[in-house]
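Taken from TrEMBL, the feature ATP binding site covers Lys104, Ser208, Ala209, Phe210, Leu211, Glu282, Asp297. Per TrEMBL, domain 'FAM20 C-terminal' is recorded for 172-389. Taken from TrEMBL, the feature active site covers Asp277. Residues annotated as Mn(2+) binding site in TrEMBL: Asp297.
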Amino acid sequence: SRRHKLYREELNLTSPVVLVPLQPEASWLQFHLGISRDGLYPRSSPAVNRLLRDMQDFTTISADYSQDEKALLGACDCSQIVKPSGVHLKLVLRFQDFGKAMFKPMRQKREEETPEDFFYFVDFQRHNAEIAAFHLDRILDFRRVPPTVGRLINVTKEILEVTKNEILQSVFFISPASNVCFFAKCPYMCKTEYAVCGNPHLLEGSLSAFLPSLNLAPRLSIPNPWIRSYSFDGKEEWEVNPLYCNTVREIYPYSNGNRLLNIIDMAIFDFLIGNMDRHHYEMFTKFGDDGFLLHLDNARGFGRHSHDETSILAPLSQCCIIKRTTLLRLQLLAEPEYRLSDVMRESLLQDRLAPVLTEPHLLALDRRLQLILKAVRKCIDTYGEAKVVANETTQHEAPASDRVKLTT
């Protein structure tokens, strides 16, 4: 801390920050104003494209731990929205236009696969997975992932020199290779062995735009009905009961409206990226029970291109229902001229950290898409298209044969 203070004094960084007025045309503010019942942004949103550019270019004026790290340190009560783990390092960066973004640094190289022996709840968080998840979400026309870009961050100038958090300052050090490194401050797995390092100062990471504050746009955090067991040997009911969806359908708010359909959308999205860690989902309270689900925290996706975790599709295969609009989009992306891997490859080339995904991960998207469509066809063959393919806002009943099995 003393060295940091002297360094700031040498660079004349101790002078008061000149306040600048908030500009109504700021891209992050226009992004917030564009959030609607249909998604986080319209299909063709110039504000989102500007926001992506601004997050790549704007000067960082402050850095701090994210809310879950603060919760671990007892500095805030964030229990309603974030479930602190302490394992992974995330920082909140503020920009010159008052915008904020969540920074997740590179922890794993693109060509590395998650080891087979890793449980999903101890997996690395990958910055490129956050970037790719945003592009895939937009291609699927869900628009439920906040705008996310890749950026090379100078950890000295854009984090250490601008943070006022003394704890964050204290975890910076110089590695034996003369690289600037830092690590998270938390009860476990947060020491120099788990640090991230620049080369010597530059570090890849993802920047995800912040949503409106909870004071302006309250959100609920709701347990996923298909939550996985977070122990080494436990099983949840859905993992052992193939008729589990019938139980879910009896429970509000899954008994009517679009919530169950939105859960299945989320499962399809998670299956495509290989994310097994969707223990909660969030919703804006303003849009009521039929509002869209936010697809946040996707950094545990794209870990293993060689494995398709079909259990992620349990909501679809057990409930045998899917939105018509979702199915039509998936069928389009299975056509040779609109192949999902090709569309993703082209979309990801827009990011400055391209290539964001390796070729095996892109090809895995095509393979997984076929598995989704196969599961839908199996449902249609069993129950008929009228029961399986649903329009939104309609009430969804369990197939009659399943209801009989449940009562017996």
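Quick reminder: no glycine exception, Cβ is built from N, Cα and C everywhere.
Quick caveat, the model's predicted, so the values are computed rather than measured.
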Inside 10 Å of the Cβ of Phe210 (ATP binding site), count up the other Cβ atoms and send me the figure. 17
Here are the binding-site residues: Ala209, Leu211. Which has the lowest count of other Cβ atoms within 10 Å? Leu211
To the nearest whole angstrom, what is the C-alpha distance linking Ala209 (ATP binding site) and the residue listed as 'active site'? 21
Between Leu211 (ATP binding site) and the residue listed as 'active site': CA-CA distance (Å): 21
Report the largest Cα to Cα distance, in Å and rounded to a whole number, among the residues Lys104, Ser208, Ala209, Phe210, Leu211, Glu282, Asp297 that the record lists as binding ATP. 20
Position of peak Cβ density within 10 Å, selected from the recorded positions Asp277, Glu282, Asp297: Asp297
Please compute the mean pLDDT of the model over the domain 'FAM20 C-terminal' (172-389). 92
For Ser208 (ATP binding site), which residues in the same chain are close in space, meaning a Cβ under 8 Å from its Cβ, but six or more apart along the sequence? Ala101, Met102, Lys104, Glu130, Phe134, Pro146, Pro147, Thr148
